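These notes are about the structure you will find just below.
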């Protein structure tokens, strides 16, 4: 008995290490690159050569000559993503509440539309939007990205929240009212605590999706006024014409990965339950 | 689940001729008059509230997708360059004829299909293995495993593309150094200077980044297979492989189908990895990139719109085939409860 359980533990240790290597290796790889000095970039080694590790790449994008480019992109990314996430979650909460709770014709139509929008090829929307935005002045503005981001964040928010709300025992609300609570009290004390985790989880998932956008970012912006980080990375150029921007891009990539890693570390359980419950329901 | 909702549904449908768009109450008036007045008022109020709450999200979704695609269909019928707006000319299906007779379209389509098939197949196997690991994992490592798996899910695709690109790149990479002992790999191998090797790295990045998503969908499917079934099979002396093949997989067929369809549609739209690593050079151009280059880079709005519409039709075709031939029930699997 002890024998099999020890073997079991060793087996699980191996599996865990394998999964960790799979999941983290590319991140560690670009992390190592971000600390390489320009002359060390071509060493052909995974880690920076001993004694040459440097933070100069981070200095370049945070306080150095690439500062304007990166910090404005970071500000754009954070602002646009948070606003798009917020709008999507508010609208999706109302919509999912109606679907889970009320009986009205066209419920299925709303859900099917959300599904259809989520499989829509982004690039098919970009050409007409590019043209339209240039005409009405939304090209290269925050709003010009927030609106198309809703096409990414709204559908998944509606599906995830509908799945969450369907699991809430809404009778609690009536029970609280029977016990003498007002409608508002019943909603706030009985329903909000049950619904809040779902709304929060949905917000994280929507944030990931908007944060990841690249196609809209490169197509609908042209300057630092609205260009988000993923798009800015693609157009990064080196300090001089002859110097590849490898180090600076790696450092910037690590900085925009930090919020993702933090959210994942803190809310791993919620994200998994959000993704699995919104996805497949027998 | 809750008793309130099904009860409401049945009472409502007894007064309602059937599900339909909310076209106002005038059409149902004749039939609902028989029901007590107070009741139909309540039903009507609930319907109105339902659309007030769901309406804004619904309208925005339509505005940001339906309107642009209709606009794209319209634009695709014109010869139209943004640099020469005065020379806009109606040419019917001319743009489509140009595209479909151009080998660039067909090689792009082929590359896209190839990437879709290979990545989805690899991801299905890898994702299933990861789902099994997460499903069976000991309590002590479960959180750690999930956290690790969510990192590629959450990471920006462009970051993933750069990470893989720099690892393989002939100047800044170390892969040639590490794997020099393998036949065909030496320090002079430039991965991004020919199609097959470039596609290999592009697909590796795509697979790494999106396998967690498919594995989470499969995990949800695994959780739905009753434990008693595999227990019973085990008691009957079935091997691990037999349990998989005869009990687990057949019972989560729906989840597998949905996961594959979602991923296939997503893979078909691949853009970021290709843009960063090769920008479509050496036969790695995919359809999304082709559309992007026509409209955004070359400002050929007419041609670009036509490529966009064709891409959209391809996605529709994949959906149609999946739903009709393979009976994937997307909406049912989610909204069925």
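Quick reminder: no glycine exception, Cβ is built from N, Cα and C everywhere.
Look at TrEMBL and you will find A:74-267 tagged as domain 'ABC transmembrane type-1'.
The transmembrane segment annotation in TrEMBL covers A:12-35 (among others).
Here TrEMBL flags A:78-100 (among others) as transmembrane segment.
Proximity of distant same-chain residues to the transmembrane segment (A:109-130), defined by a Cβ-Cβ separation under 8 Å and at least 6 residues beyond the stretch ends, is recorded for 95, 99, 139, 148, 151-152, 154-156, 158-159, 162, 215-216, 219-220. Residues annotated as transmembrane segment in TrEMBL: A:109-130 (among others).
Summarising the annotation, TrEMBL assigns transmembrane segment to A:142-165 (among others). A Cβ distance under 8 Å defines the sequence-distant neighbours of the transmembrane segment (A:142-165), meaning residues of its chain 6+ beyond its ends; these are 76, 79-81, 83-85, 87-89, 91-93, 95-97, 99-101, 110-111, 114-115, 117-118, 120, 122, 125-126, 129, 133, 195, 197-199, 201-202, 205-206, 209-210, 213, 216-217, 220-221, 226, 228, 274-275, 277-279, 281.
Sequence annotations record features per position, and here TrEMBL assigns transmembrane segment to A:190-211 (among others).
Sequence annotations record features per position, and here TrEMBL assigns transmembrane segment to A:248-267 (among others).
Residues 27, 30-31, 33-34, 36, 57-58, 60-61, 66, 70, 74, 77, 200-201, 204, 207-208, 211, 229-230, 232-233, 236, 238-239 of the same chain lie 6 or more positions beyond the ends of the transmembrane segment (A:248-267) yet place their CB under 8 Å from a CB of it. Within the chain, the transmembrane segment (A:12-35) has long-range Cβ neighbours (under 8 A, six or more residues past its boundaries) at 41, 46-48, 53-55, 57-58, 246-247, 250-251, 253-254, 257, 261.
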